[in-house]
């Protein structure tokens, strides 16, 4: 048993002062430090009045397999970026070997994240995710818009899914990812989602990320028309959005991006068991615009970094700073609190893990950070945490300590 007495606790919904947290694998009690010491006389006690305790972050959408990318891929617009991914994929993927993946996962923990949703296209990151201290939902992704190759792509997906399923435990879950409505044939998507239904698996899908996707699915025109003709000799989309969305009706699904979703699609998704995953830096770097949070207010959303194929960092503090600034119509102090909640409790809810809150009975997935210097108004803590934090002092996952390097 351990007891931590910080300056304040961000639960994250409220700020608690003059209290301490007693925890082992789970949070056992929140009370005055004196009462906790009486209750747990053998506990190790840490007083740190220059720190804040808040839940660990959940990063529900990232692609580990492209973690070797720094300046190889082209940013600025979605289609040139996609061409660059295809052009450099075979060079980039082998560069992130086991050591690279291990270092990437370690850096994720060191920056305050305690749970992730890892989208895996090839399964090369499976062992690293299994071995990590992180809580991981491992999304086995299916892709393929050509009906002739659907059986081959499904077989690959099924093999990867069952391989990951063998390793399930309280920290690791196997899940299903459908790449997108423009890149996965209806039949292939349905077969993969039938597996998700059979096993009660969480699902992730990129949906309405770019203007190009919107134009292609609505009209069969735009920049994707040239792309699909050139690479796959396809002249029309393989899905209409209404039929595609119906496939997810009975599933818990994370709809990633949603920048270009229309009102009808938003209403449909709002009627499902769904979360939206907002990736502001990725959306900015690929020229996709900004998610309208007012339009999607009927659907819970969480914050994620996406992968290093479309971001410079997997640090959620960087993502929160970006989110704060790309939504200028939101009042800064109240929006900062909302963002902290979206990065903790909402992310945990999206992934289905226990945690994301400093509350009795929750898993002790927490981070201890420096108190911003010169704080005069406690209610401004959320904003100053985002502005002035890059890394925590310590991170705890189910009570296990990870100290800043």
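Cβ from N, Cα, C; glycine included.
The record from Swiss-Prot ties 141, 145 to substrate, and of the options 88, 179, 206 it ties 179 to that site too. Binding site for divalent metal cation per Swiss-Prot: 61, 63, 206, plus 306 from the candidate set 306, 349, 363, 365. Close to residue 141 (substrate binding site) in the fold, though at least 6 residues off in sequence, lie 119, 120, 121, 157, 177, 178, 179, each with a CB less than 8 Å from its CB.
Comparing residue 206 (divalent metal cation binding site) with residue 145 (substrate binding site), their Cα atoms are 15 Å apart once rounded. Separating the Cα atoms of residue 306 (divalent metal cation binding site) and residue 145 (substrate binding site) is a whole-number distance of 23 Å. Less than 8 angstroms from the CB of residue 61 (divalent metal cation binding site) sit 117, 119, 204, 254, 256, 277, 279, 304, 305, 306, each of them six or more residues away in the same chain.
Sequence-distant neighbours of residue 145 (substrate binding site): residues of the same chain at least 6 apart with a C-beta under 8 Å from its C-beta are 182, 183, 184, 185, 228, 232, 234, 238.
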